[in-house]
Amino acid sequence: MAEVSIEKLAADIGTSVDRLVKQFKDADIVKAANENVTEDEKRQLLDYLSKQHGGTGSEAPKRMTLQRKTTSTLNMGKSKAVTVEVRKKRTYVKRTDVEEARLAEEETARALAEQQAQLEAEKAAAEEAKKAAEEKAKKAAESKAKAEAERLARAEKAKKEAEARQAEESALSPEEKAEQERVRTEAENIRKKQEQESQRKLEEDAKKAADEARKLAEENSRRWKEEEERRKKQEAEEVHVHSNRYAQEAEDADDIKIERGGRRRKKSKRNAGSDLKHAFNKPAQPVERIVRLGETITVSDLASKLAIKATEVIKAMMKMGEMATINQVLDQETAVLVVEEMGHKYELVNDNALEDELLADKISSELASRAPVVTIMGHVDHGKTSLLDYIRRAKVAAGEAGGITQHIGAYSVETDNGRIAFLDTPGHAAFTAMRARGATATDIVILVVAADDGVMPQTKEAVQHSKAAGVPLIVAVNKMDKESADPDRVKTELSQLEVISEEWGGEHQFVNVSAKTGEGIDALLEAISLQAELLDLKAPPTGSAKGIVIESRLDKGRGPVASVLVQEGQLKAGDILLCGIEYGRVRAMRDENGKDVAIAGPSTPVEVLGLSGVPVAGEDALVVQDERKAREVATKRNAKQREIKLAKQQKAKLENMFANMEAGDVSELNIVLKADVQGSVEAISDSLTKLSTSEVKVNIVGSGVGGITETDASLAAASSAIVVGFNVRADASARRVIEAEEIDLRYYSVIYSLIDEVKMAMTGMLAPEFKQEIIGLAEVRDVFKSPKLGAIAGCMVVEGTIKRSNPIRVLRENVVIYEGELESLRRFKDDVQEVRNGVECGIGVKNYNDVKVGDQIEVFEIVQVEREL
């Protein structure tokens with residue numbers, strides 16, 4: 001494997017960069033976060049972590065118990081015999097366990113002795129080297145002094161000789177002078193060489209003594225290490241290899257006797273030893289396995305594929321710095337690291353191979369023109385459904401609760417310009433997911449904006465959805481029949497969202513329409529046809545169908561019903577349809593008017609019956625040829641979703657511990673939610689979850705499509721939840737449970753009412769809040785002494801009212817010096833309940849006698865404040 005940076009390695013194993021850098025530093029590897037690490041450095045880190053956490057090797061049994069049973073027959077006479085059975089049980093304790101203390105003491109003593117011997121040897125060598133160096137230095141100094149004396153003597157002698165030679169040279173010839181000079185030079189050179197040789201010998205002797213001392217210390221250290229390694233190796237062999245000799249010596253002659261026909265025979269010691277031989281043979285080399293890894297795998301499944309216990313995998317992950325549980329789901333990268341760490345090989349597999357195979361089996365045909373799919377989007381009450389209603393010549397808006405659309409309505413309309421498929425999306429803020437789903441399934445978006453209302457929050461959201469999906473936008477300015485209509489204002493506000501009309505030099509068509517009078521409807525249909533021609537929409541008209549689930553619900557009489565928009569191919573009755581984790585054979589298809597349809601082509605919305613369950617809205621719908629493959633894919637998707645859900649529910653993470661501890665004081669409002677269609681369940685769940693605050697949390701303990709059943713009521717009773725039904729009702733068995741358990745059951749048909757009432761319920765769960773409100777202030781004018789009550793303050797009420805039963809504060813120079821309660825309140829000699837502004841009174845403060853003239857007595861009351869979300 002190539003070198004990787006510490007940041008990449010930390011991301012792969014799922015730990016922080018700072019922690020990994022610290023672990024490298026502890027292992028004597030100093031690295032920065034952006035530096036690379038080699039395989040040797042990673043192995044060194046793993047060795048260090050392994051030493052820190054301890055080994056995982058298996059131990060041999062510490063004791064062994066042998067049981068022997070011998071049977072003999074005792075003759076009591078000619079015709080009577082008694083069977084005698086002798087049972088013997090012996091326990092053998094492993095020698096290393098019995099002598100563990102003694103061996104440990106001997107080993108400690110031996111180690112100390114060796115260490116002491118090594119220290120003494122090093123000390124002796126150092127002293128010897130020091131003595132040798134001092135002696136040689138002394139000899140060198142003496143030699144130097146002697147040489148200096150000799151040099152001075154020679155110099156004096158040479159001086160005399162030079163003077164004598166000078167006297168002689170004056171009488172010598174030039175040849176004789178040259179010969180004398182040569183002899184003198186040679187003598188000087190010989191003397192210098194002798195001095196250099198003696199100095200070199202002194203240095204070599206000192207160096208040799210130091211080397212001998214160092215080698216002696218190294219030899220002692222090496223022998224001590226070899227002895228330590230030999231001892232450890234011997235202990236390891238004693239732990240893992242069992243000798244037959246001890247078992248043979250432990251068995252005596254009585255243990256190997258058997259009785260056969262009244263005669264006793266002894267087994268040979270060779271046979272006895274063979275019976276006691278250990279049956280397990282140590283593997284000659286490590287077993288290396290090849291593990292097939294998908295996108296996710298649980299710890300228990302990974303251990304099963306490695307043929308080891310799950311605890312071994314958890315230990316390996318702990319050594320890598322990752323905490324895990326036996327049911328935790330690991331991603332592919334983490335699983336690869338664990339497999340490599342444990343010395344095995346891996347093979348990556350594609351979890352979607354079966355789905356890819358289904359797509360490859362799809363029957364396709366040549367492309368042909370298809371009708372456009374148009375989604376009508378906009379703010380609530382801007383007239384989207386009324387506009388579509390006028391086009392369809394039917395009354396749809398009147399059937400929606402509260403006059404607002406709460407489902408995606410899919411309609412196919414025949415116009416003079418050809419067939420058009422319309423999708424009507426809700427405009428309420430809670431239906432964001434449904435609007436986004438409509439934008440991804442559409443070709444053209446019609447943005448309906450009321451001319452008298454302008455751009456609203458959901459209008460902006462619709463523009464964002466269309467831009468994100470890359471779908472062309474046509475703006476329909478509705479309600480032009482009203483006097484307050486102002487289309488120019490709509491253009492101005494939309495231009496701020498980068499939606500500019502063609503009249504202003506942009507690329508978006510603006511059409512003024514009125515859903516009430518029909519004004520501009522034809523122009524709108526022409527704009528749709530023109531935009532569809534520019535897009536040149538095509539799809540295969542025959543072959544295997546493919547589409548998207550627009551909406552789904554559970555019908556009491558017909559079972560799961562899914563609204564499917566066919567995008568390509570032909571969907572026929574009898575086809576096997578796969579929608580997410582649900583599948584089934586299409587039993588019947590119906591259009592938006594409830595009429596049966598035999599074949600549905602591209603851009604045709606139909607209701608499909610016959611699925612195994614209610615599919616999730618927004619899932620792709622695909623016709624497959626083999627029902628068995630469809631079942632396999634659905635089962636695999638379901639298992640994958642379950643693993644993802646399980647991974648989200650992991651609460652054993654250390655980083656979540658403190659968050660869970662802090663959340664202990666948060667109140668929870670549990671809700672069991674049932675709605676008529678899947679889209680409403682999603683929208684209501686998201687809206688209610690967003691209502692959660694730091695003090696009150698909304699918890700959806702159960703949700704689903706269809707009526708309220710006995711199971712839902714039991715779940716609500718067990719979790720102390722309220723049951724909310726949106727356009728659904730409870731059956732008879734559920735009502736019985738609800739009445740018996742006194743569960744709060746509420747029905748709604750408009751999402752506004754549902755959210756408002758849940759808000760009110762959450763407000764009632766808020767902890768009460770109190771505040772102090774000052775109701776009166778009295779100034780101390782004089783202080784009197786009372787034998788019963790102590791100091792009595794003669795006061796004048798300067799603000800508000802002084803009440804007897806309320807708490808007070810004593811202020812001196814506007815600083816609170818005491819807080820307590822009134823013990824006595826009198827007007828003249830009479831006890832009174834309250835004294836108003838401008839009236840004198842006597843006040844006795846309970847357990848406080850240090851009242852002085854000029855102090856102020858402040859009276860307050862504690863008032864509960866109504867909390868709001």
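Keep in mind that glycine also has a Cβ here, set from the backbone N, Cα and C atoms.
When the ranges 478-481, 502-505, 550-553 are checked against Swiss-Prot, the one recorded as region 'G4' is 478-481. Taking Swiss-Prot as the reference, the stretch among 378-385, 482-489 described by the feature region 'G1' is residues 378-385. In sequence order, ALA451, PRO487, ASN512, VAL513, SER514, GLU519, GLY520 constitute the residues six or more apart from MET480 (GTP binding site) in its chain with CB-CB distances below 8 Å.
Residues 382-383, 386-387, 448-453, 487, 512-517, 519-520 of the same chain lie 6+ residues outside the region 'G4' (478-481) yet bring a C-beta within less than 8 angstroms of a C-beta in it. Other Cβ atoms within 10 Å of the Cβ of LYS384 (GTP binding site) number 29 in total over all chains. Along the domain 'tr-type G' (369-542), the predicted structure has mean pLDDT 78.
Cβ packing within 10 Å was compared across the binding-site residues GLY378, ASP381, and the lowest neighbour count falls to ASP381.
Secondary structure of the compositional bias 'Polar residues' (67-76) per DSSP, as helix, strand and coil residue counts: 0 helix, 9 strand, 1 coil.
The DSSP secondary structure for GLY378 (GTP binding site) is strand.
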